[in-house]
Amino acid sequence: MAARLEIVSPEGLRVDGRRPAEVRRVLTRTGVLSQADGSAYIEQGNTKCLAAVYGPREPVKRAGVLHDRATINVEYNVSSFSSGERRAKLRRDRKLLEIGLMIKQTFETVVATTSFPRSEIDIYLQILQTDGGAVHTAINAATLALIDAGIPMTDYVCACSAGFVNDQAILDLNFLEESADVPTLTVALLPKSGKISMLGLESRLHIDKLEPVIALASDGCMQMKDTLDEAIRISTRNLAKTVLH
Amino acid sequence: MISVSERDYITKGVDRSVRADGRARLDFRDLNLETGMITQASGSCRVTLEGGTDVLVGVKVEVGSIEPDAEAAADADDIDDDGGARTAGGGGPGTDDTTGSSGGGTHARNRGRISCTVACSPSATRVFDPRDVESMCNEYSQLLNRVLNSAHGGVDLAALCIVPGSTCWVLNVDALVLDYGGGLLDAIFAATRGALHNTRIPRATVEQTDGRVEFEIEDEETEIVAGWEDVPLTVSMSKIGYRHIVDPTPLEELCSSARLTVAVNRRGNLCALQKGGEGGIEPSLLAEMVQTAKQLGQTLLSRHDTLLAAEARRIAKGVDPTGFR
Amino acid sequence: MDQDDIEMEIDGEDSLDIHVVTPGEVVTRDSAFMRGHGTYTEDETLVASLAGVVDRVNKLISIKPLRTRYNGEIGDVVVGRITEVAQKRWKVDMNARQDGVLLLSSVNLPGGVQRRKNESDELQMRTFFAEGDMLSAEVQAFFQDGAASLHTRSIKYGKLRNGSLVTVPSALIKRTKSHFVTLPCGVDVILGLNGYIWVAKHVPISPEQANQPDALYHNDNEPIADQEREIIARVSNTILALAKHNNFINDTMIVYAYEAGSSHRVKDILKPDISQEIVQTARAQFQEAQQH
């Protein structure tokens, strides 16, 4: 039996050298897929996610069409080669469907769907590599891709995860930390209003510990907001320069 | 979807060897290749074509059991030097009977295997019916599996054996189609060969003590996939009118009644042949197409090797791949 | 992040002084301004819903995104593909937010074909436009749900032949006087504002032909010589090269870029270094012409 891994050392360092409230290095890029209306790529530490957005466009399925607004479809997929152990692809994995639905509901609150009746907006999220935090990385990638596609939103959706271990809250858990039975909370925040639009908890967490974990996760979301916003500003400015009028 | 006049324009253009993008019938589009961007995989490669096709292949190496049942089917078309070594006596996996497989070469119980899957990201499949996508992925997965596990597949499967008769390396090759712009099958093979070139297998040391065979995996020491250079590439030719073209665009694919895929390796061997599409191909045309494919295959392979050599240099210098950045 | 002062720039086009905003950002707190495209109101403030450049026209503030799906205006020239034949109407893929609608009553029926009841059945309708057909049309109106209603009631519109389709981002097509262009090299280009561009051999149509039942809706191409094919391919690739480098597309730019690429083989125009060189040369030429 291996000794239980010390997630936070007595000196206050985590296995990858981070401090408890430190987010991993984030790298973003938009407009990475030429065929999509909007696309984005995010690396958060070693977690890599690709997002493609199509729409608003003519719906494929008649059944889901709404007469007064656009329907949002989210497909969340994890590549077979993405994690430490190869996962065989299960057709229509229920967990993946559930995550897709959760993300869809999150974005329905911010995307101005009433501007586009009878059309659909498709968000395709592909996890290429996962080292923990796949869901919140995917949400952030989706936000960037929607903005890249020029789809109006009332606010950003910024997400991050936090957990509680060794008597303290830690931010942005990696794979090792997530698999070490650390209760992990994934939070999606709308920065302008400060409202939480999504909350997911994987295991049990004592009610007393909930507040500090949510607070830390929200802080992480605000940090993500700064990172995402900076990226959008730079790419917008660059695009504005090349499209001569 | 295509109009009658576009179909006519394309067909006549193909006949005159002036395609809609100015290419001649046997011209390929430029191909971009990059390896190693999925750091947690044992190997990876992404291939993009000018025109949108985008394929990412990840290889994950794992320790597996040599399947006893696989022998019967696999050995059926194997050249087996051992003759009668397949008879009872060689038990299932985990046995320590290693006597029946000395030397062995191509004996099914002395080799590892490659397991391939092709999947399409939903962003790539908008143009197709979902059932067509599924059958296309199945068809391509089967072809990859057949080719790579066959005698001419390139990869030295015997070298993947860890403990003869019981344990071996399994190379899981997963191809993900990120975007579609025509010429998909050839791009998948190109990305697969690139990913195998990039794949590193941990070293396995085998010890025999007191009649028990044990093996140890050392993550720090890795080896290349022996035989990757002999992995074939495919040249798919689409029949349009009375002619055939390579590397079709989506509209050209709509005009094509039949497709012939030829797998060729760097020795010039024909490794596989597969016909797709509903139309027929005249036998005389078939022979011509195969000959053309063999020649084009050599050109493709030398281009591929040049790109891979450049990748190897980049990696040696410690420069990170661009990936999606 | 939030700005308390109004920072309005006149004509956000000037690359030195563009005002970039992102979703959720306050654009102005002055309630005198009206909200235009890409903004929404919250309490008394005007907030951006898109990432883009602020554009102020008198009291109207809107945000121009740099990339977006085609959203048409009445009078726009568009190029589209028939996706469906329905009761007295066709549906047209225009790479827009919804498919466009072409009503039977909005097309020219050749003289001699009477508007009888049975002409609206689908079999008869397919003799005009069938699934897959390419056409040019004009936006005449919008339905309540935002779908465009198209018409082909002028002789310059209708079924497209003798060439091929090039697709570019719609934001790169500028509104000009004429979207039907004949280039000096002898090729016709129809610049659909929706980003679909038709490049074809120049084939003039005479008014007399317009009344022949077959003339408007037949599917036969004219004979096209190899050289003509090459020029069509060259123009197509030139347009794609401009699009790749995010350059706007109109007849002038196409001509400049065509000339800049004339020394290269047609199929090489899309190679990254060559296309970059061509676009840069064309841009320089354009800017020089602007100064005179």
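Placement of Cβ uses the backbone N, Cα and C atoms for every residue, glycine included.
Sequence annotations record features per position, and here TrEMBL assigns domain 'Exoribonuclease phosphorolytic' to B:27-68, B:109-202, B:230-295. Annotation comment: TrEMBL describes B:69-82 as compositional bias 'Acidic residues'. For B:69-110, the entry in TrEMBL reads region 'Disordered'.
Secondary structure of the domain 'Exoribonuclease phosphorolytic' (B:109-202) per DSSP, as helix, strand and coil residue counts: 43 helix, 27 strand, 24 coil. Look at the domain 'Exoribonuclease phosphorolytic' (B:27-68): DSSP puts its residues at 0 helix, 24 strand, 18 coil. Across the domain 'Exoribonuclease phosphorolytic' (B:230-295), DSSP classifies residues as 20 helix, 26 strand, 20 coil. Predicted-model confidence for the domain 'Exoribonuclease phosphorolytic' (B:27-68) is 92, expressed as mean pLDDT.
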